[in-house]
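What follows is a set of notes on a single structure, which appears directly below.
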Amino acid sequence: MMNLLFHRLKRPLAAAFVGASTTLAFAPYQLWPIAILSPAILLILLANQTPKRALWIGYAWGLGQFATGVSWVYVSISGFGGMPLIANLFLMGMLIAYLAVYSGLFAWLNNKFFPQFSLSKALLAAPALWLITDWLRGWVMTGFPWLWLGYSQIDAPLASFAPIGGVELLTLFVLISAGALAYAWIHKQWLMIIIPVVLMSAGFGIRQYDWVTPRPEDTTKVALIQGNVDQNLKWLPSQRWPTIMKYADLTRENWDADIIVWPEAAIPAFEVEVPSFLSNIDSAAKMNNSAIITGIVNQSEDRQFYNSILSLGVTPYGDYSFDMSERYHKHHLLPFGEFVPFEDILRPLAPFFNLPMSSFSRGAFVQPNIVANGMHMAPALCYEIIFNEQVRQNVTDETDFILTLSNDAWFGHSIGPLQHMEIARMRALELGKPLIRSTNNGLTAVTDYKGKIVEQVPQFETAVLRAELTPTDGTTPYRTFGTWPLYFWVALSLMLAWWLPRKKD
């Protein structure tokens, strides 16, 4: 009996272990070859298994990946959810169990429709199905496209392909490489190892090619204020003005910067509650030929709440006035943090489902760029930076920089903020635009148009990051075409993988 149980569980247990190791491919560890080896081993474990067995093996792999990869979510649940330990663990388990569904679905589809481990399955079907299930995870229930394998390649040779097809093209090449390794192992066709070698070599070969051209004559001095405000104290009425004045004092020391950036919701008040302060600092910025960008919470006349970005000082908007149409309003809201699905049912159950500021409304998917001191910035508030298509559609021909404001204080000393920064770097590389990332307690950083970090300040310190950023002219193929050519290839791959074995028969 025990032998039978062990026989049934050894592949799922091995898959869970391999899935758990995948987190090492991402920040802060960045052992990027693991992102290729992990799905390769998964494909080996799936070989010659029934669709039902494959589903559980793939599901176990996903349990391992997300148990380690999104462990940082537990920091927020336990620190701010107001629930007992058992409830925290249950919620975390539910999240991991849900996210693992997609790797289970991949494995089931892979073995149901392509039962033989042929070359077409390894190089065409498996990579295509992986991208489809990744896309589903990034779309269903507003989406959670975190830990896409392509992100792990930001400092690897494959990164050179990001301006061509985005992070999804990198994921495709990771899976093609994994499929080649798995095929080589199963069929002892060691020549197949040349496929990942060729892909890596091609990445090295094109890494020096610039899709965009820097404009050094428009180099801009920026100052990013990292306030390091305690999240537990931030919204207490007694802390409102100490927090606001902390940002104001640090700003006064940096009026020589062209653009000064405060993080997401830096001002712990509704905009309508602090008009005098905003008017005064708007005037001060104009007097110093500078501009200030800040995150702020807004309330419309019909009592809709928005997580917004406001630009003050030297802007095209004139003197400060409360005008909701001149703000950027966050579109992609964080589930449970900024909106609660099925809120009529969930809110009464536990404090976690009734957090402050968890009833926001959405802004439009595409909105005008933020303009400050003549520079145009495509904005993304916190979680939005992980949605590559939204960021892509908000970058225009006039865009100089990508701007992202965040508050990762919810996740403490976990790996979450480091993974978040890794994703933000990919947006800069994909779109050929320098990135400005201002946060409450880190990671506050700026990157060049290739996603390389130019300057950053330490986490968990009050600090000001000073840097000079050079905007770019031109565009990348990814910004022009998006991912539709890639998904055309995905559809073609599935058709070929289905047809080729039958042609031989």
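A Cβ is built for glycine as well, from the same backbone N, Cα and C atoms used for every other residue.
Bear in mind that the values here come from a model prediction, so they are computed numbers and not experimental data.
Quick look at what Swiss-Prot annotates:
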- 26-46: transmembrane segment (TRANSMEM)
- 66-86: transmembrane segment (TRANSMEM)
- 89-109: transmembrane segment (TRANSMEM)
- 129-149: transmembrane segment (TRANSMEM)
- 161-181: transmembrane segment (TRANSMEM)
- 186-206: transmembrane segment (TRANSMEM)
- 225-471: domain 'CN hydrolase' (DOMAIN)
- Glu264: active site, proton acceptor (ACT_SITE)
- Lys330: active site (ACT_SITE)
- Cys382: active site, nucleophile (ACT_SITE)
- 481-501: transmembrane segment (TRANSMEM)
Is the transmembrane segment (161-181) packed against any residues at least 6 beyond its ends, judged by a Cβ distance under 8 Å, and which are they?
35-40, 42-43, 121-123, 126-127, 130-131, 134-135, 148-154, 192-193, 195-196, 199, 203, 206, 211, 388, 392, 426, 429-432, 451, 476-478, 482-483, 485-486, 489-490
Could you pull out which residues elsewhere in the chain have a CB under 8 Å from any CB of the transmembrane segment (89-109), counting only those six or more residues past its ends?
19, 42, 46, 51-52, 54-63, 65-67, 70, 73-74, 77, 81, 83, 129-130, 133-134, 136-137, 144, 352
Could you tell me the C-alpha distance between Lys330 (active site) and Glu264 (active site, proton acceptor) in angstrom, no decimals?
11
Using Cα coordinates, what distance in whole Å links Glu264 (active site, proton acceptor) and Cys382 (active site, nucleophile)?
7
Are there residues of the same chain, six or more positions away from Cys382 (active site, nucleophile), whose CB falls under 8 angstroms from its CB, and which are they?
Glu264, Lys330, Leu334, Thr404, Leu405, Ser406, Asn407, Asp408
Mind looking up the mean pLDDT for the domain 'CN hydrolase' (225-471) in the predicted model?
92
Given the transmembrane segment (66-86), which of the listed stretches 129-149, 186-206, 481-501 has the most Cβ pairs that are under 8 Å apart from it?
129-149
Who are the chain neighbours of the transmembrane segment (186-206) in space, where the CB to CB distance is under 8 Å and they lie at least 6 residues beyond its ends?
36, 44, 47, 117, 123, 156-161, 173, 176-177, 180
